[in-house]
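Inspection log for the structure reproduced underneath, given as structure tokens.
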Amino acid sequence: MAKLDETLTMLKDLTDAKGIPGNEREVRQVMKSYIEPFADEVTTDRLGSLIAKKTGAENGPKIMIAGHLDEVGFMVTQITDKGFIRFQTVGGWWAQVMLAQRVTIVTKKGEITGVIGSKPPHILSPEARKKSVEIKDMFIDIGASSREEALEWGVLPGDMIVPHFEFTVMNNEKFLLAKAWDNRIGCAIAIDVLRNLQNTDHPNIVYGVGTVQEEVGLRGAKTAAHTIQPDIAFGVDVGIAGDTPGISEKEAQSKMGKGPQIIVYDASMVSHKGLRDAVVATAEEAGIPYQFDAIAGGGTDSGAIHLTANGVPALSITIATRYIHTHAAMLHRDDYENAVKLITEVIKKLDRKTVDEITYQ
């Protein structure tokens with residue numbers, strides 16, 4: 001693997017960290033360690049979201065950049081007499097990407113390696129072999145011989161189970177493969193926007209936020225937004241890349257490496273037109289590539305944030321990503337860097353007058 005520079009080291013640390021919804025502590029600590037040098041203060045709300053505040057002007061408009069800390073994973077629900085683990089998915093999973101995948105169970109005594117198993121195809125009927133194994137029929141094998149042995153190792157119902165995958169820089173070093181891009185890339189964007197603004201004069205109060213429990217209903221975004229009361233918000237997340245075999249442009253038109261995605265519509269929100277226009281104008285002026293997209297079957301933290309208090313103009317800016325909600329997703333470094341650049345340039349242009357124009361035009 002290529003030698004990791006400062007950015008790649010941060011991305012590796014963020015994606016290697018383990019944190020399903022409700023269990024984001026490790027990820028929060030990693031994000032805090034990277035964002036704290038660029039913030040005036042860092043706090044955590046009572047649900048667990050990290051809020052890093054950087055003040056440009058004391059009475060300036062509040063700009064919220066939210067990426068969620070949590071990743072899709074699993075939770076221990078039962079231990080069988082023979083020491084196998086029954087589990088619950090936490091976040092959205094597709095059964096076809098799960099079998100024979102390595103996982104890590106995080107217990108009070110330490111981490112335990114397991115593998116997702118099911119009945120072997122060799123003993124299935126020809127009809128059964130043609131069907132996907134249902135998640136309810138899967139289990140996790142940790143090499144225990146009994147329930148007592150698993151308990152002795154520290155495994156308990158409610159323990160977090162996380163996909164295991166090593167952060168990898170591909171042969172084309174712009175292509176990055178890792179677990180949990182959804183949504184550690186959003187956390188990284190929030191960190192680097194605050195990094196860019198550390199020596200920049202601007203009349204805004206900027207909040208870089210790592211929200212919790214996005215994958216189970218945008219829950220942390222709701223409490224964080226109530227805490228901040230933002231005037232403008234950006235949800236930063238992964239989006240769908242439509243550049244692999246079998247996907248038509250009608251289904252997904254974005255391509256990796258062609259710029260961040262500006263989401264005009266998703267299942268949780270109709271994007272704010274004034275904010276969309278301001279972002280597009282900034283991208284055009286700065287020569288930053290971008291792509292439009294709409295996601296009928298998913299949403300981001302913007303969906304919760306825009307409904308806060310008396311309403312918040314919000315826009316999702318996402319990174320085209322292959323194979324999301326699996327053990328190994330892939331994205332393009334240029335898209336990440338251009339997303340950071342775009343949001344930074346937008347914030348530099350914002351002030352109270354501009355925010356009011358965006359909001360009420």
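Every residue gets a Cβ built from N, Cα and C, even glycine.
Marked as active site, proton acceptor by Swiss-Prot on the basis of similarity to another entry: GLU214. Close to GLU214 (active site, proton acceptor) in the fold, though at least 6 residues off in sequence, lie PRO21, HIS68, ASP70, ASN183, GLY220, ALA221, ASP237, THR300, ASP301, each with a CB less than 8 Å from its CB.
Residue density at HIS68 (divalent metal cation 1 binding site): 32 other Cβ atoms are found within 10 A of its Cβ, drawing on all protein chains shown. What Swiss-Prot records for HIS68, ASP182, ASP237 is divalent metal cation 1 binding site.
According to Swiss-Prot, the feature divalent metal cation 2 binding site maps to ASP182, GLU215, HIS325. Cβ neighbours within 10 Å of GLU215 (divalent metal cation 2 binding site), excluding its own Cβ and spanning all shown chains: 22.
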C-alpha of ASP182 (divalent metal cation 1 binding site) to C-alpha of HIS325 (divalent metal cation 2 binding site): distance in Å?
7
A correct count of other C-beta atoms within 10 Å of the C-beta of ASP237 (divalent metal cation 1 binding site) gives 30
Measure from the Cβ of HIS325 (divalent metal cation 2 binding site) and count the other Cβ atoms within 10 Å, all protein chains considered.
19
Let me know how many other Cβ atoms fall within 10 Å of the Cβ of ASP182 (divalent metal cation 1 binding site).
27
